[in-house]
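Enquirer: For reference, the structure I am asking about is given below.
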Amino acid sequence: MDKKAFRQETLKKRSDIYSKEIDARIIDNFIHSDAYKEAEWMMLYVSFGTEIYTHSLIMQALSEGKHVVVPICNISDHTIILSEILDFPGDLEEGHYGILEVKDDCRRVVAPEKLDLVLVPGMAFTEAGNRMGFGGGYYDRFLETIRPDCKTVALIREDFIYDEIPMEPHDKSVDIIITEDRVKACR
């Protein structure tokens, strides 16, 4: 199956089985993981649609004194700009694609090299950490800019871990997959 057909099929499946209860279990597993506990600077995406719900995670990380950075999508060149947030959701407003992004007057730009952990969204993953994104290439390009020791983590429902997914040479994998049932090191 090609990437486009796989994405369409996966999006439909995600809509059919979305569950905030499962998301809460995934977030709980993440918060109790070593990757989360050890990270001081973390990039967390602001969930949208049927992505794993991250709003409560962002609030918790801020309350624990972690430096929380969120992505800003630069649609002109399909890159990601990072901004630290201090107030969630106060520092954000609706941006590109309807995703909450940092308000212009709240931007605190952060270099990718500062990050200890990046939460990487995706539609589907394999046990080896291979990732099927949403098709824009934003994260594949961004992951080229982080430190080699920065942990990349995927939060995903067990139903979206496959034996194989369509991959291309530029597609990036993640270090750790966290589901409602487990935390799995991929490399």
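In case you wondered, yes, glycine gets a Cβ from its N, Cα and C as well.
The following feature annotations were taken from TrEMBL:
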{"type": "BINDING", "residues": "Lys3, Lys4, Ala5, Phe6, Arg7, Arg131, Met132, Gly133, Phe134, Gly135, Gly136, Gly137, Tyr138, Tyr139", "note": "ATP binding site"}
{"type": "BINDING", "residues": "Val46, Glu51", "note": "substrate binding site"}
Enquirer: Count, for each of the binding-site residues Phe134, Tyr138, the other C-beta atoms lying within 10 angstroms of its own C-beta, and report the residue with the smallest count.
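Expert: Result for the binding-site residues Phe134, Tyr138: minimum number of other Cβ atoms within 10 Å at Phe134.
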Enquirer: Sort out the sequence-distant neighbours of Val46 (substrate binding site) for me: same chain, 6+ apart, CB within less than 8 Å of its CB, listed by position.
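Expert: Listed in sequence order, they are Thr54, His55, Ile58, Val70, Leu92, Ile99, Leu100, Glu101.
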Enquirer: Across all chains shown, how many C-beta atoms besides its own are within 10 angstroms of the C-beta of Lys3 (ATP binding site)?
Expert: 16
Enquirer: How big is the gap, in Å, between the Cα of Tyr138 (ATP binding site) and that of Glu51 (substrate binding site), rounded to a whole number?
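Expert: Tyr138 (ATP binding site) to Glu51 (substrate binding site), Cα-Cα distance: 16 Å.
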Enquirer: For a quick check of understanding: among the binding-site residues Ala5, Met132, which residue's Cβ has the most other Cβ atoms within 10 Å?
Expert: Met132
Enquirer: Name, in the order they occur in the sequence, the residues of the same chain whose CB lies under 8 A from the CB of Arg7 (ATP binding site) and which sit 6 or more residues away.
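Expert: Listed in sequence order: Met123, Met132, Phe134, Gly135.
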Enquirer: Over all pairs in Lys3, Lys4, Ala5, Phe6, Arg7, Arg131, Met132, Gly133, Phe134, Gly135, Gly136, Gly137, Tyr138, Tyr139, the listed ATP binding residues, work out the largest Cα-Cα distance in Å.
Expert: 20
Enquirer: Far apart in sequence but close in space: which same-chain residues, 6 or more away, have a Cβ under 8 Å from Gly136 (ATP binding site)?
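Expert: Long-range Cβ contacts: Cys73, His78.
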Enquirer: Helix, strand or coil by DSSP: which one applies to Met132 (ATP binding site)?
Expert: strand
